[in-house]
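Enquirer: Below you will find the structure I want to go over with you.
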Amino acid sequence: MQVSVAEISGILKKQIAEYGKEAEVSEVGEVIAVGDGIARAYGLDNVMAGEMVEFEDGTQGMALNLEEDNVGIVIFGEGLAIKEGTTVKRTGRIVDVPVGKGLLGRVTDGLGNPIDDKGPLETTERRLAEVKAPGIIPRKSVHEPLHTGIKALDGLVPIGRGQRELIIGDRQTGKTAVAIDTIINQKRTHETDSPVYCIYVAIGQKRSTVAQVVQTLEENGAMAYTTVVAATASDPAPMQFLSAYTGCAMGEYYRDNGMHALIVYDDLSKQATAYRQMSLILRRPPGREAYPGDVFYIHSRLLERAAKMNDEHGGGSLTALPIIETQDGDVSAYIPTNVISITDGQIFLETDLFYSGIRPAISVGLSVSRVGGSAQVKATKQVAGTLRLDLAQYREMAAFAQFGSDLDATTQKLLHRGKRLMELLKQAQYAPLSMEEQVVSIFAGTRGFLDVVDADAVVKAELELLKQMHAKHSDLLDTIRTSGKLDADTETKLGVAITAIIKEFLA
């Protein structure tokens, strides 16, 4: 068999022409030390701060410490296969996460990867987890209400869209319950043209607790407009630290596209603890309470991203409800004072109130909303205007009344009314009230219609009142809802209706 030279050269030329494989160039370093979720690598000379890197077993990490001769990398995951000599390469991208409506109804980890066994996420858009907060010019002052469905809050500590309102209190005082109720109450907004989408970020919590929250949201039909980001207690500290920024990026998608979002960080105390752990292992100098010097900045740059945008920028909003856990009611500790100074007000929950049966255990005297007043619905403002003062006078007189039994008629009347108002502010969990229902309840309390009811029966009387209002006077409720205010005519009709219902209740 003879093979011609021309044939061979033709085959070779063809193969050379078709050979077009490009060599993949990547900057690779080598791990020189690893331990406690931190790896130090040598050779990644051009790595950026906050850049994602990948170890040879596929585990991801983030470059945090850029030193002269090595790079400190926090590891996302177990990292059991990472040892001295393991190669690590740059990815060239800063941490980014999936965003969009495809995340609604889903549960993700601290990096936005799904962990709910419902398949891949139906979203293509990604955003950087860490971005600069909007400047002063694109913002607008808070002026639209965000109803929580909780009488004590909407009446006394109103929250507006785009506000940052801190929920602070000891463990087991109902902080998460307030946040979950607020998420459940946003279901009403989905019947209007400006729905509020919700993100719940669980930081350092037990998996069983997160599962319980997801189940509660599903049972109340709230998962349809909610995304849960969970970095649980068993996740590495870097994941717990990053999860808040991941959730925030998801919320910013709605804010920047002219929609409204609510984000709950539960809780930032555990995020600060995770950051302290990372910083100490990275040998950063410790400051007060062993937290690093920039612990204020990690919370301020996160919470400043909650904003109400002006109309030229779409008019969207991102409202933040950060949660802080105190030790024995000490709000003057480092992290609580930091977050109080960053936020636009705080809801203070007290253990004593909780155990005395006043739930939600909101301390009316210590809770404030610095910007929410301008977002409050006029009807609520009209009926709840005197409520804070009435309660303050009641608390003062109640303390005074312990010392003596001889009280004048005015004081006795004040104590009598105050007791009923305290009872009126009680509310069952997962039972948020609409704005018009709250107006009716508070109106009945502050205008003295409930003075004839025994203090123990106030909660029952209120339930009956709302039930009868829906059954017989739904037109009045509709008027309050549509107009958003109480005119003289509506007030008179409401007074007559409430008097009749209470009379029937007492009969």
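Note: Cβ is positioned from N, Cα and C throughout, glycine not excepted.
Residues or ranges marked as ATP binding site in Swiss-Prot (evidence: sequence analysis): GLY169, ASP170, ARG171, GLN172, THR173, GLY174, LYS175, THR176. Look at Swiss-Prot and you will find SER367 tagged as site 'Required for activity'.
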Enquirer: Taking 8 Å from the centroid of the Cβ atoms of GLY169, ASP170, ARG171, GLN172, THR173, GLY174, LYS175, THR176 as the cut-off, which other residues in that chain fall inside it around the ATP site?
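Expert: Here the nearby residues are GLU325, LEU349, THR351, PHE354, ALA361.
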Enquirer: State the Cα to Cα distance, in Å, between GLY169 (ATP binding site) and SER367 (site 'Required for activity'), rounded to an integer.
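Expert: Cα-Cα distance, GLY169 (ATP binding site) to SER367 (site 'Required for activity'): 11 Å.
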Enquirer: Taking 10 A as the limit, how many CB atoms besides its own sit near the CB of THR173 (ATP binding site)?
Expert: 27
Enquirer: Among the binding-site residues listed here, ARG171, LYS175, which has the most company in the form of other Cβ atoms within 10 Å of its Cβ?
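Expert: The most densely surrounded of these binding-site residues is LYS175.
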Enquirer: Here are the recorded positions: GLN172, THR176, SER367. Which has the lowest count of other Cβ atoms within 10 Å?
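Expert: Minimum Cβ neighbour count within 10 Å, taken over the recorded positions GLN172, THR176, SER367, occurs at GLN172.
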Enquirer: Counting only other Cβ atoms and using a 10 Å cut-off, which of the binding-site residues GLY169, GLY174 scores lowest?
Expert: GLY174
Enquirer: Is THR176 (ATP binding site) helix, strand or coil when read with DSSP?
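Expert: Looking at the DSSP assignment, THR176 (ATP binding site) belongs to a helix.
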